[in-house]
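S.K.: Found this in TrEMBL, in case it helps:
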type: DOMAIN; residues: 30-268; note: domain 'NADP-dependent oxidoreductase'
type: ACT_SITE; residues: Tyr53; note: active site, proton donor
type: SITE; residues: Lys82; note: site 'Lowers pKa of active site Tyr'
type: BINDING; residues: His116; note: substrate binding site
Amino acid sequence: MTISKNILYTLNNDLKIPGNGFGLYKVAHGEVRGIIHEALRVGYRHFDTAKYYQNEQEVADEISSYIHLNNIERVDIFYTTKIWDDDHGYESAKIAIQQSLEKAKALGCIDLFLIHSPQSNKEKRLGTYQALQEAVSAGMVKSIGVSNYGIPHLEELLNWEGLKIKPVVNQVELHPWMPRIELREYCKSKGILMEAYAPITRGKKFTDPGLISIAKKHGCSPADVLIRWSFDQGFIVLVKTSTVSRIEGNFNVVERVTLDEDDIKLLHKPDSHEKCTYWDPTLYEG
């Protein structure tokens, strides 16, 4: 399967999202400038941050600085941020949205605003989503979606009488050991794209014998194999690294590495539910 490193997916509101995304979780303030500038230099145009990451303003400012100096159009940049659990609820969410917009003012707007997780309660989740819908209607935010939502959370939202704007993505931990087949099929049936965070398992599966054998076969790294697998599944892929030297290699994986049918079979673990991050809010009940 031929996939471009510059692949664009169409959201359910007909806007485009770059499939090759750069995650900024745990990127410290002193590292943001160098990492953002290198990511933009090699071709990344999709950047994912959050209030919880405590780097929204620096990320937005450095993107803005670089694109103005290098004649890159703002329309080609896709900036995502997220509302944290503590800000759930209509009034709290309105304040949080305004704060994130202020931090992103150098970019003019927010391309995608997500609810970071469902960890509050029904009233607060729906109130938060109402505030996001109003931000879209006001022209401050282009698209909205969710993160770490399981099927019950999605059903709650999609069956809500106040729903006017469907979520465009559900961003969750996705990799061969956490394939979430049922959730993926549900989202596909509703026109919601899957966005993968921790696609390289935060390195926790790099010693897996099957993964190592595939990497050796193709003369690449275990991380390369996992990134390519995510693209082959049709995910929007968010790769994160704080190592500047790895950024270009990660961006180009999809054009350097191709997995064959045997590789895909070896990585096919439909019943696995093994998280490589510290949480799985898709299972949250409340």
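Even glycines carry a Cβ here, placed using N, Cα and C.
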S.K.: If I take the alpha carbons of His116 (substrate binding site) and Tyr53 (active site, proton donor), what is the distance between them in whole Å?
M.R.: 11
S.K.: May I ask which residues of the same chain, at least 6 positions away in sequence, place their Cβ under 8 angstroms from the Cβ of Lys82 (site 'Lowers pKa of active site Tyr')?
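M.R.: Listed in sequence order, they are Thr49, Ala50, Lys51, Tyr52, Phe113, Leu114, Ile115, His116, Ser147.
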S.K.: Counting across all protein chains shown, how many other Cβ atoms sit within 10 Å of the Cβ of the residue listed as 'substrate binding site'?
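M.R.: I get 23 for this one.
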S.K.: For a quick check of packing: other C-beta atoms within 10 Å of the C-beta of the residue listed as 'active site, proton donor', how many?
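M.R.: Taking every protein chain into account, the count is 20.
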S.K.: Where does the residue listed as 'active site, proton donor' sit in DSSP terms: helix, strand, or coil?
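M.R.: For the residue listed as 'active site, proton donor' - judged by DSSP and reduced to three states - the answer is helix.
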